[in-house]
Structure formats: structure tokens, C-alpha cells
Amino acid sequence: MEQTKGNEMRNINVTDDHDDDEKWVYDSSVDHKGRLPLRASTGAWKASLFIIAIEFSERLSYFGIATSLIIYLTKVIHQDLKTAARSVNYWAGVTTLMPLFGGFIADAYLGRFFTVLCSTIVYLLGLILLTMSWFVPSLRACEGDVCAEPRKAHEVAFFLAIYLISIGTGGHKPSLESFGADQFDDDHPQERKNKMSFFNWWNSGLCSGLLLGVTVIVYVQDHVNWGIADIILTVVMASSLLIFIIGRPYYRYRMPSGSPLTPMLQVLVAAISKRKLPHPSNPADLYEVPNSQKAQGRLLCHTKKLKFLDRAAIVEEKENSFEKQDPWRLATVTKVEEMKLVLNMIPIWLATLPFGICVAQAATFFIKQGVIMNRNIGGFLIPPASIYSLAAIGMITSVIIYEKILVPILRKATGNERGIKILQRIGIGMLFSIATMIVAALVEKKRLGAVKKDPVNGSLSMSVFWLAPQFLIIGAGDGFALVGLQEYFYDQVPDSMRSLGIAFYLSVIGAANFLSSLLITLVDHITEKGGKSWFGKDLNSSRLDNFYWLLAIMTMANLLLFVFVAKRYSYKNVQSLAVANCNEDDHDAAGSMA
């Protein structure tokens, strides 16, 4: 009888705990008043929709500027093709590397909400200055509509404006995306599945902004005025900022936890100081704090890789008391594993750079090819940058097919909650990038053949839609690789570094833009010595087809390296209980690309 009553009491307690978990969110987040968040009224889709709205506006303006930048530099600033391509790559590189600084500030000091707020204001200042460079007489490019040589003041104002936009993006992009993903609780089954869908729909919103940016905004730039387009972008961004602020009561917030680099340095120092100690035969002997309070954050399971770092968690005889331990002498297993996570990311980051170089070509050489091809459709002249909209269509299509068709099928087939592993998704995207470069090389070879037959009108004999396949394929590949990279760098970093994680993803594209510029310079120098440079004064005197074949071969060789690294990768393994049942064999197998 007493045993029956005891069982009933335990069942009541379990039910109460479950009801409590459903009512409140225990993932270290707080509401806008610093209290424990109420699940029903905060977070999830109700909050993330406000956040997606401001991302839509930012992408609308960013791609409206980025895809037309090479045309602006050649037509208004009068840079040659090579210089203009390098200028675009430098700007895109700065724009995608600045998030490393912005993500660090968000995680360590300001928090993600206030970082987004401040950086969006900087972004707005850049758009306002860009608008002024067209309407303030002393900042205009010249007096008339056609400039033989732009004023120096206009160049200064223009470049200052676009680099202010870079700085704004540096804080805005990593903080906003991680802030959106923070609205979903990893410990709640339904919200965890929704978070996996969040990255797909986030990129659909991003591509919708891109689509309008490279069609409507670019059309206004080409057929009305760049200044009018800048006014539209400024108004849209200001409106989205207002929407973002209105959503403040619905958000869940993560408090900044100080520099995420300090704990990693402490692990390294502790491991070095204990390098002569014998490694314990049982990992359970390593130091870990009890997870008695959910607010303390999640604990990680011990892994067998990078064993040298485990020495930081070895308890010495003089450290038997676990109170007020010196973090420079003794680290927890979780801190050690967080250090391992970051180190294990380095090979993956390096192996994704060639993919980023392929992506960089879409906003430079692909667009420039469209300029000199036949863009006339039924009497309507398509703006050259608008062809980039096909990449957005390819990405939206691939994301929808993946989310609505492939994931449900793959979940049943593999038993994996994501459908396929994150690195598998990235690898598939790399295959698309190889196909893109092959198709681009074949199309450019055909265009050059037409130019050889008719040097004056050869390019105009080919419709701009000959470029459609390469844009659609690279867009579809982005739906796998870019979304996969976002998931990977958000999910696999320590919980305290998630803004920096998104910054790591963006830095892949940023570093790839710089590498693309370096590669162009090297290839130009080598081929010029061989007789004729692949990069002439214009596209008709260039050999972009050879450059695309080079990228295809480089990416193909790199994919083999990526598969090798991915097969040996160990995914983050989070303890769900204070004393976790960590199956290291399953954990190690999770990294397989097979």
C-alpha cells in the first residue's frame, strides 16, 4: 500500500515538473524585464517573425547595393574591370569579416538585442549618407547626368557610406540571426524542431529581400535614379527597425557572459600547467560541477579527441575541495569540451573557403557578363544585376523542397531529427558549386566563340538567360551549403558564443572574397607572364572560362578534403541530465559524412 502511494506521489511530481517546463522556459534566457520567460507569450515563431522582418529589409538594401556595385564602379567611378572586381571583393570581404568583431561584442558585453539596435542605427546612417551623395550638390558625382570624372568628394562620401553599411552589417548580421534562433528552446521537443526549420525560413526571408533588391531596387537605380533607390532603402530600413523595437516584449534574451575567449585561454593554461600529470583511466574522475540549476546552462559530455586538453580537468590532491577553484588551474569538463569544439571547427572552416570563392563570382563576374549580353525581352531592358534574382529563386526553391519534401522523408529513413547531418548538407551544396563553375565555363566559352565570329555584336547575339543555369544552380547549392553553414556554426559553438558562431559562418564568405581577389591577382600575374592574361581590359579580351575551370578543379579537390575531415568530426554532445548517459561511440559516429 505504501509503495503504491509512493509511486503515485512520484507520478504527481513528474507531472508537475512537466507542466512547469511547459509553462516556463529554463534555457538560461530571460524576458524583457529580466524574469523567467513564460513559454506561451514569449519566443518561438511569435517573436522570430519580428526578427525576420528586419533581416528582410537589411538583405533588400544590401543586395540592392552589392549586386549593382561593380556596375556603379565601372560606370560612375570609372574603375576598370579588374579594379572594380577587387573593390567589390574587398567591400564584401570587410562586410562579412566585421561580424567577428560584432559577434564578440554581442556575446561578451552588449547582448544580441542591443547590438542589433546599435548596428542598425549605424546602417541607417550609411544609407542616409549614400542618399546625400546624390542629392547634396557638393557631394554629387558631377553637375550633369553623365560624368567624365567624378568629384573626389562624391567618391569619399560614397565609400564612407558603403563602409558604414559594412560596419552596421558587422553587428547586425551575426547578432540578429543568433537572436532569432535563441527564441527556440533546445530542451523543448517541438521548439527544437522549429529551430531546425527556422534557418530554412530565415533564408527564405533573406532571399525574398534579395529578390526585391536585385529587381525592384536595381530597376529604380537603372531607370529612375540611384538617389531615389537609396531613399526607398532608407525608409524600409527605418520602418523595419521600428517593427523590431515593437517586438521587444515578445523576445527571449540571453545575458552577455563576458569574453568567451577567456575560458578557452584558461583551459589551455591549465592543461599546459598539468602536462606531466598522468591521464585518468576513467573520464568520470575529471572535474565537473553539478548541474543543479537549469539557469547555469548545459553541460557537455566528455569526448576522446584532443586528450591533452583533458588535463585541465584533472583534480589534484590539493584541489579536493570543489569550492572557489582557480579557473586558471582547474577547468570543468564542459569548458574543456567547449575548447575542443572551437578547435575542431578550424579544419571545417578552412575546407569551406573554396566554396565561398565560387559564391563570390556570382556578384562580380556573373553580373558583369550580363551587362554585355542581350537583355532585351519584348522591348523591356532587364537591369544586369536583376539576373541575380535567379540565384534567389534557386535558393528559395531548394529550401522549400528540402524543408517540405526531403526532411520528412529523410527523418523516417535515417532516424535523424534533421534528416541528414549538417556536414552532409554542406557537402551536397559543394557539389552544386562545382556544377556551377562547369556550366559557367561552358557558357562563357560559347559567348567567346560568338565574339570571335562577330567582334562587334557577338555577345548581343546571346540572351542574358544563357546565364540562368549557373545562377539557378549556385542558388540551389546555397540552399544546402549556406543554410548548412549557418546551422553548423550556430549549433556547434559553445552556447555562450552563438553570435560569434554566426560571425564564423559569415567570415567564410568574407575570407573567400579576399581570397578571390588574391586569386585573380595571382592568375593575372602568372597568365600575363605566359603571354596573355586571363583578365583583359574587358570581358571580350579575357578568358573567364579558363578561370571558371580552375575554380571547378579547385573545388572538386577540396570536396575530397572536406569529406575526409567531416568523416572524423565529432558533433556537440549535450547532457540532458545532471548525470548524463553519454554514449561516446554514438557521439563519435555522429561526425560521419557517410
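Just so it is clear, glycine is given a Cβ too, placed from its N, Cα and C backbone atoms.
What you see is a predicted model, and the numbers here were worked out from it, not measured in a lab.
Straight from TrEMBL, the features:
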TRANSMEM  89-106  transmembrane segment
TRANSMEM  112-130  transmembrane segment
TRANSMEM  201-220  transmembrane segment
TRANSMEM  226-247  transmembrane segment
TRANSMEM  348-367  transmembrane segment
TRANSMEM  387-410  transmembrane segment
TRANSMEM  422-443  transmembrane segment
TRANSMEM  463-490  transmembrane segment
TRANSMEM  502-527  transmembrane segment
TRANSMEM  547-566  transmembrane segment
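Looking at which of 89-106, 112-130, 463-490 has the most CB pairs under 8 Å to the transmembrane segment (201-220), the answer is the stretch 463-490. Of the two recorded stretches, the transmembrane segment (387-410) does not lie close to the transmembrane segment (226-247), with fewer than three CB pairs under 8 Å once pairs fewer than 6 apart in sequence are set aside.
Counted over residue pairs 6 or more apart, the CB atoms of the transmembrane segment (89-106) and the transmembrane segment (502-527) come under 8 Å in at least three pairs, which marks the two as touching. Sequence-distant neighbours of the transmembrane segment (547-566) (same chain, 6+ residues past either end, Cβ-Cβ under 8 Å): 347-348, 351-355, 357-358, 361, 365, 423-424, 426-427, 430-431, 433-434, 437-438, 440-441, 444, 520, 523, 534-535, 591-593.
Spatially, the transmembrane segment (502-527) is adjacent to the transmembrane segment (348-367); three or more Cβ-Cβ distances between them are under 8 Å for residues at least 6 apart in sequence.
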